[in-house]
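**Student:** Shown below is the structure under consideration.
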Amino acid sequence: MRRIGFVGLGRMGLPMAQNLARAGYEVLAWNRTPKEAEGLHPASLEEVAQTGLVLTMLADDRATEAVLPTLMRHLPPGGVHVAMSTLGVPYSRSLWTRHREAGQVYVAAPVFGRPDAAEKAALRVVAAGPGEKLAELKPLFLALGQEVYEVGEEPPLAHAVKLGGNFLIAAMLEALAEAYVLVEKNGVRREDFYRVVAGFFRSPVYENYGRILLERRFTPGFALKWGLKDVRLIAEAADTTHTPLPLGHLLLDRMLEGVARGLGEEDWTAVLRLVEAHAGVEG
């Protein structure tokens with residue numbers, strides 16, 4: 001049985017770590033707030049790092065940086081750090097440089113999917129890093145998700161792809177919310193509009209988020225405050241490469257407004273509440 005380390009047992013990390021345990025891995029797990037979980041072995045950060053293969057699934061760059069010095073000190077030469085959360089491209093690049101200088105291997109493998117997909121091992125993994133290491137890690141990735149997309153040997157490429165994908169989802173949420181309100185104010189039932197969207201624009205993303213918006217399920221799968229974090233990372237990636245992103249800045253303002261209005265802990269689909277309020281529609 002291969003022993004691995006897992007850092008971060010939040011809404012995404014916990015089911016991911018448990019799926020790895022079900023797949024036959026011995027998972028040594030650490031969480032900032034100690035948490036007992038079936039199938040996992042609680043451990044210190046030092047013990048987690050000493051496994052030689054550590055997966056991190058933490059909230060953001062800052063949370064990752066908080067554990068990094070300890071992980072790097074105890075990760076053996078040739079040890080592997082797989083960053084699976086959404087990180088900024090510049091920060092991902094700094095992780096790559098620092099691990100390389102320490103004689104360690106860094107792989108970026110952020111995932112697409114909400115907590116329900118994590119529970120079902122139905123995530124999509126976007127991976128970048130040394131080709132031979134990606135080949136070794138593929139069975140592990142497939143224990144977490146349905147598909148693995150390899151996008152190159154430079155790890156930050158995977159985080160660029162993840163941010164590009166999250167940009168598309170955020171833009172789709174805004175467009176869907178506006179479209180629902182538009183058709184309703186012109187006499188169309190939202191249920192009827194959803195049937196058209198789920199048919200003509202058929203994709204798991206449109207169907208899933210279209211249904212969540214229709215049913216107004218704002219219990220957080222992905223909180224709006226984390227949507228704001230991701231849109232800020234998108235803006236950072238654009239700014240550092242001198243890439244104009246007018247739609248991105250509109251989305252940033254929308255997410256910022258949502259947090260300012262007290263919606264930060266709701267699902268990021270709660271942008272619908274903001275669109276409705278601006279249009280004079282009662283939700």
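Glycine too: its Cβ is placed from the backbone N, Cα and C atoms.
Residues annotated as active site in TrEMBL: Lys162. Residues or ranges marked as domain '6-phosphogluconate dehydrogenase NADP-binding' by TrEMBL: 3-152. Annotated domain '3-hydroxyisobutyrate dehydrogenase-like NAD-binding' per TrEMBL: 158-274, in sequence order.
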**Student:** For a quick check of packing: other C-beta atoms within 10 Å of the C-beta of Lys162 (active site), how many?
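**Tutor:** Neighbour count, Cβ to Cβ under the 10 Å cut-off: 27.
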**Student:** So what's the mean pLDDT when you look at the domain '6-phosphogluconate dehydrogenase NADP-binding' (3-152)?
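**Tutor:** Averaged over the domain '6-phosphogluconate dehydrogenase NADP-binding' (3-152), per-residue pLDDT gives 97.
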